[in-house]
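Asker: One structure is given below, represented as structure tokens, and several questions about it will come after.
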Amino acid sequence: MSRHLKALIGPSILNADLSKLYEESQKLLDNGADYLHLDVMDGHFVPNLTFGHPVVKCLRGKIKDAFFETHMMVSNPEQWIVPMADAGVNQYTFHIEPVNNVEDVCRKIKEHGMKVGVAIKPGTPVADVEKYINMADLVLIMTVEPGFGGQKFMENQMEKVKYLRENYPLLDIEVDGGVGPSTINCCANAGANWIVSGTAVIGAADQSATINFLRDAVNNAINKK
Ligand code: DX5
Ligand code: ZN
């Protein structure tokens, strides 16, 4: 079963020097990042603001072939599907909490040629997202309250990851928030295979070694199963 699961490391550039977004992103890719996790916040769904599709589009103009995931921490994810597709996003991961018709949003994302990620905050039960798994390419289990980088990893969210892995052996499960070398084994053993890591990678003295460390931990866990 686990033969087909891939370990992928997606650094979050949220806590990088955003005045050098392109350079920081390219450096992460040169250091082995499998994809870029771009945190989009609207100041409404979460109490913080970052950037939107115009910035993503500029980044895509300079980085042609990397996989871009946008993590949409916004109140109306439906609104940004077309502009994000136009900006060259590969995967549109959105929170289900504020959305009335999750199926419609999933459908529209696919119609616009992007992969679908469905995300839940720490307080949202896993059953709420489970019903959309057949429409999604990935489930994101947040391991902090969305809004800010550099927060403490919430280990109690691993129950959700374990539940999903036990019931959906080939599902891509992503974790995001407080993930780094000291918490990766917890995530990997629970069954996560897409790993977002912000401050732990951005602030690392050796980004490449840190990314490899995270990927090795996930591969070890996959191969143990
Ligand atoms: C939090 C964001 C995360 C965060 C990750 O709202 O979704 O992607 O930036 O950063 P760290 O790894 O520092 O928690
Ligand atoms: Zn994120």
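Just so you know, glycine gets a Cβ as well, placed from its N, Cα and C.
Bear in mind that TrEMBL entries carry predicted annotations, made automatically and left uncurated.
Among the features that TrEMBL reports, active site, proton acceptor is placed at ASP39. The active site, proton donor feature in TrEMBL is assigned to ASP176. Marked as substrate binding site by TrEMBL: SER12, HIS71, GLY147, PHE148, GLY149, GLY150, GLY178, GLY198, THR199. Sequence annotations record features per position, and here TrEMBL assigns divalent metal cation binding site to HIS37, ASP39, HIS71, ASP176.
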Asker: How big is the gap, in Å, between the Cα of GLY149 (substrate binding site) and that of HIS37 (divalent metal cation binding site), rounded to a whole number?
Answerer: 12
Asker: Taking SER12, THR199 as the binding-site residues to compare, which has the smallest set of other Cβ atoms within 10 Å?
Answerer: THR199
Asker: Give the sequence-ordered list of residues that share a chain with GLY147 (substrate binding site), lie 6 or more positions from it, and have CB atoms under 8 Å from its CB.
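Answerer: For GLY147 (substrate binding site), the qualifying residues are MET41, VAL46, PRO47, ASN48, MET73.
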Asker: Name the residue among the binding-site residues GLY149, GLY178 whose Cβ has the smallest number of other Cβ atoms within 10 Å.
Answerer: GLY149
Asker: Need one number for the substrate-binding residues SER12, HIS71, GLY147, PHE148, GLY149, GLY150, GLY178, GLY198, THR199: the maximum pairwise CA distance in Å, whole number please.
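Answerer: Comparing all Cα pairs, the maximum is 16 Å.
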Asker: If I restrict to non-local contacts, at least six residues apart, and a C-beta distance under 8 angstroms, what lies near HIS71 (divalent metal cation binding site) in its own chain?
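Answerer: Set apart from HIS71 (divalent metal cation binding site) by at least 6 residues yet with Cβ under 8 Å, we have SER12, HIS37, LEU38, ASP39, VAL40, THR93, GLY117, ALA119, LEU140, PRO146, ASP176, VAL196.
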Asker: Do you know which of the binding-site residues GLY147, GLY149, GLY178, THR199 end up with C-beta under 6 Å from ligand 2?
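Answerer: Once distances to ligand 2 are taken from each Cβ, none falls under 6 Å.
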Asker: Would you list, in sequence order, the residues of this chain other than HIS37, ASP39, HIS71, ASP176 that have their CB within 8 A of the centroid of the site's CB atoms, where the site is the one recorded for divalent metal cation?
Answerer: GLY10, SER12, LEU14, LEU38, GLU69, THR70, THR93, LEU140, VAL196, GLY198
Asker: What is the total of other Cβ atoms whose distance to the Cβ of HIS37 (divalent metal cation binding site) is within 10 Å?
Answerer: 27
